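Here's what TrEMBL has on this protein:
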DOMAIN    1-223  domain 'Ribitol-5-phosphate transferase FKTN N-terminal'
DOMAIN    237-274  domain 'LicD/FKTN/FKRP nucleotidyltransferase'
């Protein structure tokens, strides 16, 4: 009853919402073929929207609608109580300005004992959709709905733009993501971390940014290499994240470190695919070296334009830590870099939606020690990292296989 009333409210204002409620989408997904092909005849029973629960969740794309005053007035006439949650617009933040401008992130409409949670999605410059956190201000009624149970808003989230499908569910015409199961999968890994502009500005006050022609040029090349690498790995369906100096640059200064000379990515070895090398070669990035093997200490390096390298480190999971390997080509010595376990979050970096370790501080500290905030221009990969351990030597009869330089 409440969902039907809400849908008539928003259709009277031409607001295109779509269903993102995980409980209902989960049920719909099981019957998706039947729902897609069903004619519009009345359905015998209320199967989806009548499952007992406290709220139902919909999404709204910000740019499709602007006139909220009229909507609230009509909502009140229909008996709804409503709540609007605002917070900072991260799209306006940058190195020069922390705008503090607020935008609507969540609306909640309540009728009797059921609530509709309307999550506002915004388009971001990496060509993806973002929703913000649900933070209640001091004066807000915390008993309005069971906020802790809401599925969206515990933290910000990032999503691909979904293709939508108009279907009839329980005699209600409603838009849903065309592929509910992939939307639900995305939802479980949607957590988003904002770049830390405030800390980055403080960093640049201590260590002014290098604005030389070389630095600007390097950043430009590193950005285009990162975009190409992301496109290549995304097309293969291989999950990756910003690692080493590239991750440090994002976390510390919201940008590529101009003296870093390369782009560093991490991939879990369980996600390794044999077509990674041919795919990069096809993208115009020749293999520069391949060290180690899939079972142990694999790393790949590809040559980008003008001496900018792309290094891909593969990570191995143990019971209580994660590690990646390193190989010294001339001696066959092996090294190991230990990290505390981490999960992956989305962020935006150089206009790209990309993963970073959610536990970024622990990740960066493992690699760069407690003084990670201080720039170090002379870096030796065998001795500088805080987390490096000597890991033996490759047997000489394996060298041809585990030390390949092109």
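Glycine is treated like the rest: Cβ placed from N, Cα and C.
Same-chain residues lying 6+ beyond the ends of the domain 'LicD/FKTN/FKRP nucleotidyltransferase' (237-274) with a Cβ under 8 Å from its Cβ atoms: 95, 195-197, 199-200, 203-204, 209-210, 212, 214-215, 218-219, 222-223, 225-226, 229-230, 294, 298, 304, 307-317, 324, 344, 347, 349-350, 354-357, 360-361, 363-364, 367-368, 372-373, 375, 377. For the domain 'LicD/FKTN/FKRP nucleotidyltransferase' (237-274), the mean pLDDT of the prediction comes to 97. Note on the domain 'LicD/FKTN/FKRP nucleotidyltransferase' (237-274): DSSP counts are 13 helix, 9 strand, 16 coil.
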